[in-house]
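Notes follow the structure.
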Amino acid sequence: ETRYEKFLRQHVDYPKSSAPDSRTYCNQMMQRRGMTSPVCKFTNTFVHASAASITTVCGSGGTPASGDLRDSNASFALTTCRLQGGSQTPNCPYNADASTQRIRIACVGGLPVHYDKSI
């Protein structure tokens, strides 16, 4: 798995997978995308946009932040999943927070390889 492929697996869900509610969405997606074993990932953000539109942030769709980091010019639909306090694997229960914000990502070779934060 390349760094770009890992970025896609962990952070891109487009079109957004259906779930009865946002908490169920996070619980299902975190498991489905392999982020609950061997340990539960504490927090993770899914971007509901195509890989191509996110990749534009690495070029004309973004502005340099620091190092390899770039800030998106446009806002994206996001779902941020946060592990509920004191939870242990394998039952990683997540809280969910939906928002529309700009994103800060790291790019290498013109491809996104790391999600830094929403801004």
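Cβ atoms here come from the backbone N, Cα and C positions, even for glycine.
Copied from Swiss-Prot, the annotated features are:
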BINDING   LYS6, ARG9, LYS41, PHE42, THR43, ASN44, THR45, ARG82  substrate binding site
ACT_SITE  HIS11  active site, proton acceptor
DISULFID  CYS26-CYS81  disulfide bond
DISULFID  CYS40-CYS92  disulfide bond
DISULFID  CYS58-CYS107  disulfide bond
ACT_SITE  HIS114  active site, proton donor
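Here the features listed in Swiss-Prot are painted onto the structure.
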{"residue": "LYS6", "record": "substrate binding site", "Cβ within 10 Å": "13"}
{"residue": "ARG9", "record": "substrate binding site", "Cβ within 10 Å": "14"}
{"residue": "CYS40", "record": "disulfide bond", "Cβ within 10 Å": "20"}
{"residue": "PHE42", "record": "substrate binding site", "Cβ within 10 Å": "12"}
{"residue": "THR43", "record": "substrate binding site", "Cβ within 10 Å": "13"}
{"residue": "CYS58", "record": "disulfide bond", "Cβ within 10 Å": "20"}
{"residue": "ARG82", "record": "substrate binding site", "Cβ within 10 Å": "15"}
{"residue": "CYS92", "record": "disulfide bond", "Cβ within 10 Å": "21"}
{"residue": "CYS107", "record": "disulfide bond", "Cβ within 10 Å": "20"}
{"residue": "HIS114", "record": "active site, proton donor", "Cβ within 10 Å": "16"}
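Here is what falls inside 10 Å of the CA of CYS81 (disulfide bond) among the recorded positions ARG9, HIS11, PHE42, THR43, ASN44, THR45: PHE42, THR43, ASN44, THR45. The record assigns LYS6, ARG9, LYS41, PHE42, THR43, ASN44, THR45, ARG82 to the substrate binding site, and the maximum Cα to Cα distance across that set is 19 Å. Under 8 Å, Cβ to Cβ, and six or more positions away along its own chain, CYS26 (disulfide bond) finds THR79, CYS81, TYR94, ASN95, ALA96. Taking CYS40, CYS58, CYS92, CYS107, HIS114 as the recorded positions under consideration, the smallest Cα distance to LYS6 (substrate binding site) is found for HIS114. For the recorded site, LYS41 (substrate binding site), the DSSP three-state label reads coil.
With every protein chain in view, the residue among the recorded positions HIS11, LYS41 whose Cβ has the most Cβ partners within 10 Å turns out to be HIS11. Note: the CA-CA distance between ARG9 (substrate binding site) and CYS92 (disulfide bond) rounds to 18 Å. Comparing Cα positions, CYS40 (disulfide bond) lies closest to ARG82 out of the recorded positions HIS11, CYS58, ARG82, CYS107, HIS114. The shortest Cα-Cα distance between CYS58 (disulfide bond) and any of the recorded positions THR43, THR45, CYS92 is the one to THR45. Taking the C-alpha positions, the distance from HIS11 (active site, proton acceptor) to ASN44 (substrate binding site) comes to 7 Å.
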